[in-house]
Protein chains: 2
Amino acid sequence: MNAMSTSAPSRRRAQRDLSTAPLLVAARGGRPSRVPVWFMRQAGRSLPEYRALREGVPMLQSCFDPEMLAEITLQPVRRHGVDAAILYSDIVVPPYAAGVGIEIVPGTGPVIAEPVRDAAAVAALPELAPEQVAPVAEGVRLLVERLGDTPLIGFAGAPFTLASYLIEGGPSRHFEHTKALMRSEPELWHTLADRLATMALTFLKVQLDAGADAVQLFDSWAGALSLREYREFVLPHSAKVLRGLAEYDVPRIHFGVGTGELLTAMREAGADVVGVDWRIPLDEAVRRLTADGSPAPAVQGNLDPALLGASWPVIEAEVRRIVAEGRAAAGHIFNLGHGVPPGTDPAVLTRVAELVHSLEP
Amino acid sequence: MNAMSTSAPSRRRAQRDLSTAPLLVAARGGRPSRVPVWFMRQAGRSLPEYRALREGVPMLQSCFDPEMLAEITLQPVRRHGVDAAILYSDIVVPPYAAGVGIEIVPGTGPVIAEPVRDAAAVAALPELAPEQVAPVAEGVRLLVERLGDTPLIGFAGAPFTLASYLIEGGPSRHFEHTKALMRSEPELWHTLADRLATMALTFLKVQLDAGADAVQLFDSWAGALSLREYREFVLPHSAKVLRGLAEYDVPRIHFGVGTGELLTAMREAGADVVGVDWRIPLDEAVRRLTADGSPAPAVQGNLDPALLGASWPVIEAEVRRIVAEGRAAAGHIFNLGHGVPPGTDPAVLTRVAELVHSLEP
């Protein structure tokens with residue numbers, strides 16, 4: 001179903017034999033020994049051990065401390081017994097490392113000192129040199145040593161979502177500046193998105209060179225666009241990132257929220273695994289992804305994070321439904337439809353992971 | 001295509017002959033003399049005359065001042081030459097009128113003094129008596145006198161969206177409390193939603209009795225739900241509102257953001273006109289709404305409000321595209337895919353209205 005070989009692990013990854021790791025088997029469209037499960041934003045504020053470790057340490061500082069980022073990445077693997085670690089990072093880490101003035105303000109999110117809204121600002125955007133994220137590479141090396149047989153998923157924000165932060169100057173509800181620039185100045189948009197694609201590609205290559213076993217490209221806010229806009233203004237740039245990793249022969253997961261209309265296009269960008277939020281069930285996602293005769297895809301997601309605060313019988317029924325519907329896919333990776341809410345009781349996540357593991361793949 | 005008669009206007013509305021008003025003709029699936037256009041949140045902060053009139057007057061106070069609400073409702077009709085007035089109000093007006101402690105905080109939105117999260121709070125929710133919104137009825141009567149041949153659209157929030165404010169305590173991104181209550185305590189949810197449906201129905205009947213010519217039920221945040229959840233937990237209550245107005249024989253518009261998956265269900269609830277945001281084109285919306293053999297619907301919406309800040313050629317191309325795609329519907333009412341952003345240049349809205357009127361229906 002995809003261009004990856006399952007028989008010839010690259011030299012780089014030969015240090016660990018992960019050929020039967022459920023996450024990688026499912027991502028490649030195979031039949032794993034159990035349904036693999038991990039949670040977006042599993043490393044983070046829902047864990048008391050995370051809050052303790054981060055105390056007094058600014059977010060962006062913690063992302064460049066190899067020991068700290070390794071430990072934070074490991075915490076949910078230890079606690080929940082999930083089938084993957086996801087590199088602890090942030091969408092703005094690459095531009096921050098390259099020298100863009102960015103601060104992550106607790107309760108707000110990333111705040112950009114000088115929003116990027118004109119040709120001069122786009123031209124002034126620095127490139128990311130691999131050395132600028134050397135501490136992340138070192139953290140990945142520590143993780144590969146410590147993770148045993150659990151795969152590590154590399155992390156990067158996709159060009160559209162990253163651009164939206166840089167253009168709006170921070171988190172946004174309506175993406176007014178981003179859409180106005182994209183549509184009114186398409187050449188400038190494409191120049192900016194291409195630079196951000198290069199940045200994301202560099203960041204992911206650093207992680208893969210250091211030993212990451214898969215990647216997830218987060219285009220969290222792509223669902224704010226129509227399919228037409230996505231195809232013209234976003235797909236080529238996300239494709240540059242995902243297709244640019246083909247030589248690494250690792251599974252590429254591609255995710256966004258509210259992307260029911262975009263799933264086929266997001267797969268076309270070069271995804272091996274298509275992320276799905278909670279709005280459409282996995283079997284419906286598979287139906288859409290195969291409507292044009294394409295082979296069945298691997299999919300990931302669908303548990304509504306807002307339901308982690310519901311009663312256990314509700315959560316259990318949802319987990320069972322999702323695992324059943326996931327059987328329509330070539331491979332199914334259990335996950336939420338978006339990140340773990342900060343107020344989540346971590347015991348619920350552990351229980352979800354245990355339930356998923358108890359069910360027939 | 002719907003249950004409304006086009007030949008027998010009710011006694012109440014006989015005071016104005018609006019039988020050829022483009023909005024009402026299009027809403028009934030007829031061929032209007034021009035494509036009707038109005039803008040959600042056209043009465044509001046984008047207009048300097050609105051900001052001047054509201055100066056020093058709290059939002060909820062202005063909604064209960066008949067002269068002020070009539071004048072605010074009229075302002076965009078005068079300025080833009082739109083084909084409908086939409087009653088100036090707020091989603092929380094009915095519970096506020098009924099006695100629920102609510103304040104609208106500038107820059108935040110409605111803040112509920114005591115969020116409604118348990119059986120006691122639901123039981124304590126007061127009913128809305130028509131007299132409690134008598135100033136709104138008086139405002140509608142003033143409007144009907146002053147609007148000439150422009151129809152007035154009545155306004156109410158749908159049970160789900162209204163419930164989300166009451167349960168969360170204010171605006172929400174993820175609706176965690178709402179979804180947890182809905183799923184964990186379905187009986188309590190249904191009791192609450194039924195009460196809010198009764199409230200919305202009372203509020204809309206007051207507006208129709210006073211002379212409103214159509215209604216729009218705003219389920220702005222329904223798109224946060226899966227279709228399954230919508231059908232089980234929301235549709236019956238919105239249907240109680242919309243079907244409860246059948247005797248008035250006026251067009252019922254039903255709108256929400258991000259509802260591409262819900263359009264058919266939202267029509268089933270009793271809509272004559274289905275609102276569509278900017279994520280799927282109107283011809284695709286019509287395709288979905290007729291896929292089960294249903295007759296072609298009337299539709300409304302699709303211009304992305306975020307593009308009102310783009311260059312005029314971009315906006316013009318979008319308007320032409322939307323009018324062309326709208327011809328697939330039985331009737332097309334031009335509108336945005338959500339409300340006018342507060343920072344919008346009102347001259348752009350006037351220009352959009354003029355362009356829509358210059359195009360072949």
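A Cβ is built for glycine as well, from the same backbone N, Cα and C atoms used for every other residue.
Curation plays no part in TrEMBL annotations; they are all automatic predictions.
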Among A:SER220, A:SER226, A:SER238, which residue shares the substrate site with A:ARG41, A:GLN42, A:ALA43, A:GLY44, A:ARG45, A:ASP90, A:TYR165, A:HIS338 according to TrEMBL? A:SER220
Tell me, how many other CB atoms lie within 10 A of the CB of A:ASP90 (site 'Transition state stabilizer'), whichever protein chain they belong to? 18
Among the binding-site residues listed here (A:ARG41, A:ARG45, A:HIS338), identify the one with the smallest other-Cβ count within 10 Å. A:ARG45
The domain 'Uroporphyrinogen decarboxylase (URO-D)' (A:36-45) [mean pLDDT, rounded to integer]: 97
Using Cβ atoms only, which residues of the same chain lie under 8 Å from A:ALA43 (substrate binding site) while being at least 6 residues apart in sequence? A:TYR50, A:ILE72, A:THR73, A:GLN75, A:PRO76, A:ALA85, A:ILE86, A:TYR88
